[in-house]
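Chemist: Pasting a structure here, questions to come.
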Amino acid sequence: MATLKEKLIAPVAEEEATVPNNKITVVGVGQVGMACAISILGKSLADELALVDVLEDKLKGEMMDLQHGSLFLQTPKIVADKDYSVTANSKIVVVTAGVRQQEGESRLNLVQRNVNVFKFIIPQIVKYSPDCIIIVVSNPVDILTYVTWKLSGLPKHRVIGSGCNLDSARFRYLMAEKLGIHPSSCHGWILGEHGDSSVAVWSGVNVAGVSLQELNPEMGTDNDSENWKEVHKMVVESAYEVIKLKGYTNWAIGLSVADLIESMLKNLSRIHPVSTMVKGMYGIENEVFLSLPCILNARGLTSVINQKLKDDEVAQLKKSADTLWDIQKDLKDL
């Protein structure tokens, strides 16, 4: 007796298992992981989305909640499991998992605890998706990108830290607000370490090709009567502010990660400030990851733009590199 489905649907092609073309995995279904997931779904970037976490109930609940929105999405397959086999054949894997910083905990201690988490996660990712590109989002992102590169054995063009992509977006938003224009028409770059010691490249800030520093030579300095330096200060403090108000940040980082993925899956060769291996650049001698303007396309992070930086900006970059190396050199089991 034919089933309803057999009566309804007459097959033309033989049934066979299809390998996904644009599969994306998100590791960690906390606030940031789910913001990445919904941003990826909203931009219809994946034909399959896989979620992984150690918390099975939370994981299944998030998967079901997203699946129930399938009518409103163009991602035909949403799966989840604590077993990494569910991630097989991913083009891109986003890592948001990790332990949170406890009150009064040193960064080195936090990093070492996250290294221990990553020692389990990263080999599993590479086992099931040996050709993937890994985007690291967990903090401190620059150090954990280095850790991921070391643990994965992947070439450096396939291990990328979300880095200053969000810092630069915040910078452009805040400047654009001051000027009354859209952030996409306000160009400016935050480079270096994601967070407190990031570098605002004031010399490159422009609107429609007009250098703002030429209009106001004091821009970004302490002598500036308009106090533009405050904008960079607000960028650095903005995450702390949001965390103080709502307990965490997630929407903007989720959107910024989807932006990076779009450049790669659509082979756009757009330029983003993301964390990459900077040894040999700007006189940096150690294997550290910092944000520089990088070209992202289907192969991953294929090139770095040689940004003309002023001496004090280079000095700041080197200082960041030294700070990071001080922590990295003491990490165990890499």
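The backbone N, Cα and C atoms fix where each Cβ goes, and this holds for glycine too.
As the structure is a computational prediction, the values presented were derived from the model and not from experiment.
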Chemist: Based on the annotations in Swiss-Prot, which residue of Lys7, Lys91, Lys266 is described as N6-acetyllysine?
Modeler: Lys7
Chemist: Out of Lys119, Lys178, which one does Swiss-Prot list as N6-acetyllysine?
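Modeler: Record lookup in Swiss-Prot returns N6-acetyllysine for Lys119.
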Chemist: Given the candidates Lys58, Lys156, Lys310, Lys318, specify the residue that Swiss-Prot annotates with N6-acetyllysine.
Modeler: Lys58
Chemist: Fewest other CB within 10 angstroms, which one of the recorded positions Gln31, Ser39, Ser44, Asn139?
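Modeler: Lowest Cβ count within 10 Å among the recorded positions (Gln31, Ser39, Ser44, Asn139) is Ser44.
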Chemist: Fewest other C-beta atoms within 10 angstroms of its own C-beta: which of the recorded positions Lys7, Lys43, Lys58, Arg107, His194 fits that?
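Modeler: Relative to the other recorded positions in Lys7, Lys43, Lys58, Arg107, His194, Lys7 has the fewest Cβ atoms within 10 Å.
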Chemist: I need the CA-to-CA distance for Thr249 (substrate binding site) versus Leu51 (NAD(+) binding site), whole Å please.
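Modeler: Cα of Thr249 (substrate binding site) to Cα of Leu51 (NAD(+) binding site) measures 20 Å after rounding.
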Chemist: Counting other CB atoms within 10 A of each CB, which of the recorded positions Leu51, Lys119, Tyr240, Thr249, Lys329 comes out lowest?
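Modeler: Looking at the recorded positions Leu51, Lys119, Tyr240, Thr249, Lys329, the Cβ with the fewest others within 10 Å is that of Lys329.
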Chemist: Using other CB atoms within 10 angstroms as the count, which residue among the recorded positions Ala2, Ala35 scores least?
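Modeler: Fewest other Cβ atoms within 10 Å, among the recorded positions Ala2, Ala35, is found for Ala2.
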Chemist: Out of Ala2, Lys7, Arg107, Arg170, Tyr240, point to the one nearest Gln31 (NAD(+) binding site) in space (Cα versus Cα); all of them are recorded positions in the record.
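Modeler: Minimum Cα distance from Gln31 (NAD(+) binding site) across Ala2, Lys7, Arg107, Arg170, Tyr240 lands on Tyr240.
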